[in-house]
Amino acid sequence: MTTSLLLSLLFSFLILASAANFNQDIDVTWGDGRGKILENGNLLTLTLDKFSGSGFQSKNQYLFGKIDMNIKLVPGNSAGTVTTYYLRSEGSTWDEIDFEFLGNLSGDPYIVHTNVYTQGKGDKEQQFYLWFDPTKDFHTYSLLWNPQRIIFSVDGTPIREFKNLESMGVAFPKSQPMRVYSSLWNADDWATRGGLVKTDWSKAPFTAAYRNYKADACVWSSGKSSCSSTSPSQNSWLSQELDITSQQRLKWVQKNYMIYNYCTDAKRFPQGLPKECSVH
């Protein structure tokens, strides 16, 4: 065996070892068989038909982490459907960090909807188009959540940063452990053009696919975190921030692909824009 082949096999093994197994890490929680774990735990599919959607959640809860998921969204005419991928805590004053993918008519772009909730209050929406067709292949959607900031990324390119501005009186999710959730469901009362375009059930079933779930995260169990406060260097994401290159890429996305920003919606906030808008 040549050295290059040996290295290639070793590299392939390391990639497989770093990706979580859905059987070990995920519970399909609803959908009556419409959510399926396949290929020995390496592939998960969610399906929506006229009777029900489907969804899953992580077995673990996390208090800070970097969560990656490869997702291939519903192809073709996906109008009226919503594929969600988010972190959320429990209870009536929950925290939540949201990716939602709003389907559209064939040929029209998906809308990526993002939001951050703290203590049950959101109203921090930003929406984007993507610079590729997210239905043709798997792409990596990442949520970085540490005590200083939340960063939403697509294929390693940041599209949004929400900073911890508690010093300005802005609430930030930092005390409630969250699970990873995902679902595929019908939201044709609002998802596509404000509900004007309805789901075409003749195109059902609709299917989204998932691979390579990875959680570099502090597991929260029995009131304790798996992360040691004495060795934070083991978790570089705990203090990660955007470097100069990443800041430039973020600006590029927001200039060319952002289609809604709550911080510029003065009509929505007649009493004045939220405090964080002066910084974000």
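Glycine is treated like the rest: Cβ placed from N, Cα and C.
Heads up, TrEMBL stuff is auto-annotated, nobody curated it.
Within the same chain, residues at least 6 positions away in sequence whose Cβ sits under 8 Å from that of E96 (active site, nucleophile) are Y86, L87, R88, S89, N115, V116, Y117, G122, P173, M178. The active site, nucleophile annotation in TrEMBL covers E96.
Residues annotated as active site, proton donor in TrEMBL: E100.
Per TrEMBL, domain 'GH16' is recorded for 16-210.
Under a cutoff of 8 A between CB atoms, and with a sequence separation of 6+ in the same chain, the neighbours of N104 (N-linked glycosylation site) are S78, A79, Y110, I111, T192, V197. Residues annotated as N-linked glycosylation site in TrEMBL: N104.
The annotation signal peptide is assigned in TrEMBL to 1-19.
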Close in space but at least six residues away in sequence, with Cβ under 8 Å from that of E100 (active site, proton donor), the same-chain residues are V82, T83, T84, Y85, Y86, V112, H113, T114, N115
